[in-house]
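J.: Pulled these features from TrEMBL for this protein:
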type	residues	note
DOMAIN	21-107	domain 'Pyrroline-5-carboxylate reductase catalytic N-terminal'
TRANSMEM	204-229	transmembrane segment
TRANSMEM	249-271	transmembrane segment
DOMAIN	249-393	domain 'Ferric oxidoreductase'
TRANSMEM	292-313	transmembrane segment
TRANSMEM	347-365	transmembrane segment
TRANSMEM	386-407	transmembrane segment
TRANSMEM	419-442	transmembrane segment
């Protein structure tokens, strides 16, 4: 009874500035990195180990004791060992009674066990207060000061006071705790580090499919068609010309797809007259991966900029320029400057530069280190207002470049439209519908719906 009382006292939040002692079971990479970070943050650290000899790998200001002795000196014990070694804790059940046990373990595959590691630990030691935390942070992130890694730490547990103590430690380390609720959330938290880019799958496969389609589309029109009907071998177009046509098309379409789900959401809310009904599942998933779609679009736009810069270095371009010069010399005739084409060329380039600049600004703002330093209104202004402006510039850039091809019969090889014509369908549709949605007669009721007004209140039940 006396021992349990001391443990309960240790769980009471202290009002002094002195940090409470933290015990770590496990001297592996993560245990050592976490101990070093805790010492830097002012926490006394004691390691529980089978060997009490001081190692050069252990932080020099840490104390190394046996597991039982180390557990007695701290109210919070971080279990930095794998699940298969939890059995050694059973003889320590009396010492660990009432203590906060922080489970930081991960598995080798998704849902490897019926229950989470944290729940299993709670079953082994029912008298302890188990909290799941730190499993999404790497030892490298702790050693590098978390400057180049995610600062989020997911925390869950059944004891509110124990969970609060762990979150206080997380904050003291310069990290951001996210309360995920009870210990039932531990399975989900343990699956996070095992998921390989879960939000990138749909954008990646969509981009891969569209890229393959447009590549073979250009290959058919620019290489195969010219070889069959014009007897010209332009197979070298595969290296630069075709990629430099596919990249801007992909960038424009993906950028439009970032804002298209918002258009669908607005139309659905106007039709339903309420915001208290869930969107279709496909639209929810689409809206959640808009950031990834935008970053992939930025990557395609960057590739287009690089390909455009190296375009004049190509042997084909130099040959075509020299051929034109020789033709003028042989004919003793100099072609005058066409100011109309000069205006079109400069306008096309200017619109492209402005669109790409705003595109880069959108990408920078989406980074967590930047978005965390702006308020919601500023973030929405950049991502929405400047985002649509970027879409307008990029669409105008494509229109100015390939606008004439709408009316040119030669552009329709095999009766198929040019790739630039196809690229304008989605962004033009998005801009036209968005233009209609900003009309006061439509924007006002939509704003009211998003503020909670309902046309038919029964849907809010």
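Heads up, the Cβ atoms here are built off N, Cα and C, so glycines get one too.
Surface or core, plus neighbours and distances: that's what I need for these features.
T.: Same-chain residues lying 6 or more positions outside the transmembrane segment (204-229) and placing a CB less than 8 Å from one of its CB atoms are 197, 235, 237-238, 241-243, 245-246, 249-250, 253-254, 257, 292-293, 296, 300, 413-414, 416, 418-419, 422.
Through the fold, the transmembrane segment (249-271) approaches residues 203, 206-207, 210-211, 214, 279-280, 283, 286-287, 290, 293-294, 296-298, 300-301, 304, 359, 387-388, 390-391, 394-395, 398, 419-420, 422-424, 426-427, 429-430, 433-434, 437, 442, 445-446, 449-450 of its own chain, all at least 6 residues removed from its boundaries and within a Cβ separation under 8 Å.
DSSP places the residues of the domain 'Ferric oxidoreductase' (249-393) in helix, strand and coil in these numbers: 122 helix, 0 strand, 23 coil.
Within the same chain, residues 199-200, 202-204, 206-207, 240, 243-244, 247-248, 250-252, 254-255, 257-258, 356, 359-360, 362-363, 366, 394 sit at least 6 positions outside the transmembrane segment (292-313) and bring their C-beta atoms closer than 8 Å to a C-beta of that stretch.
Among residues of the same chain six or more beyond the transmembrane segment (347-365), those with a C-beta under 8 A of the stretch's C-beta atoms are 251, 255, 294-295, 297-298, 301, 305, 371, 374, 379, 382-383, 386-387, 389-390, 393-394, 396-397, 400-401.
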J.: Count up the helix, strand and coil residues in the domain 'Pyrroline-5-carboxylate reductase catalytic N-terminal' (21-107) according to DSSP, in that order.
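T.: Counts, helix then strand then coil: 32 helix, 19 strand, 36 coil.
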